[in-house]
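TrEMBL has this to say about the protein:
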type	residues	note
BINDING	HIS57, HIS105, ASP194, HIS198	Mn(2+) binding site
DOMAIN	34-112	domain 'Manganese/iron superoxide dismutase N-terminal'
DOMAIN	123-224	domain 'Manganese/iron superoxide dismutase C-terminal'
Amino acid sequence: MALRTLASKKALSFALGGAARLLAASARGVTTVTLPDLSYDFGALEPAISGEIMRLHHQKHHATYVANYNKALEQLDAAVAKGDASAVVQLQGAIKFNGGGHVNHSIFWKNLKPISEGGGEPPHGKLGWAIDEDFGSFEALVKKMNAEGAALQGSGWVWLALDKEAKKLSVETTANQDPLVTKGASLVPLLGIDVWEHAYYLQYKNVRPDYLNNIWKVINWKYAGEVYENVLA
């Protein structure tokens, strides 16, 4: 009986693959996540982003990702305990989508800052120099991110990424709630802009380019610069 149990566990571990094994190991402790607080009021980003959008985005959309991710982790824990490989595999989509939604939005809130507190001030220091080197100018970076964000079909994100191995910046897009790491393990998100309709529709309707043009007024470049310097330190 013990040998059959051991063989079953080994078969399950092999079926899960590397990434899923890590998820399963984490889930055994059922370490859940919580909705992070904002460092500013919902209306503090107006007129670039309305207070109503921020409240719904944070309290409803992000909160739902957190709740569904935690639920999926608990289900994964139960499936691993039972040796149910089919259930484990089936849960990967929910974990990726809702876990990605939590990761992406947690970065997004830090990428934003009220104008009165320095939001929208262009990047300085090492990140500012790197942007000039890799894109030609800050204006060229904004133009590229706006173009790729506007052209992204359906829902997703546009990112300013740092390839920590190549030590080079790039603009990337991800679909739905896929986190940036799905595009490459060496990519670090410095700035992510949510281009799901829930991020702008109440204010900008279907004109995504207007949202993209205005969000730069409240971008927290200080945070992006700190992440950049810490990664390369």
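In case you wondered, yes, glycine gets a Cβ from its N, Cα and C as well.
Predicted automatically and left uncurated, TrEMBL annotations should be read as such.
Around the Cβ of HIS198 (Mn(2+) binding site), the same chain contributes ILE53, LEU56, HIS57, HIS61, each under 8 angstroms and 6 or more positions distant in sequence. Across the domain 'Manganese/iron superoxide dismutase N-terminal' (34-112), mean pLDDT in this model comes to 97. Summary of the Mn(2+) site environment: with the site residues HIS57, HIS105, ASP194, HIS198 set aside, the chain residues having Cβ atoms within 8 Å of the Cβ mean position are HIS58, HIS61, HIS62, PHE108, TRP196, ALA199. Its Cβ taken as reference, ASP194 (Mn(2+) binding site) is surrounded by 24 other Cβ atoms within 10 Å in the chains shown. Counting residue by residue with DSSP, the domain 'Manganese/iron superoxide dismutase C-terminal' (123-224) contains 51 helix, 25 strand, 26 coil.
Broken down by DSSP into helix, strand and coil, the domain 'Manganese/iron superoxide dismutase N-terminal' (34-112) contains 62 helix, 1 strand, 16 coil. Annotation for HIS105 (Mn(2+) binding site): spatial neighbours HIS57, HIS58, HIS61, HIS62, TYR65, ASP194, criterion Cβ-Cβ under 8 Å with sequence separation of six or more.
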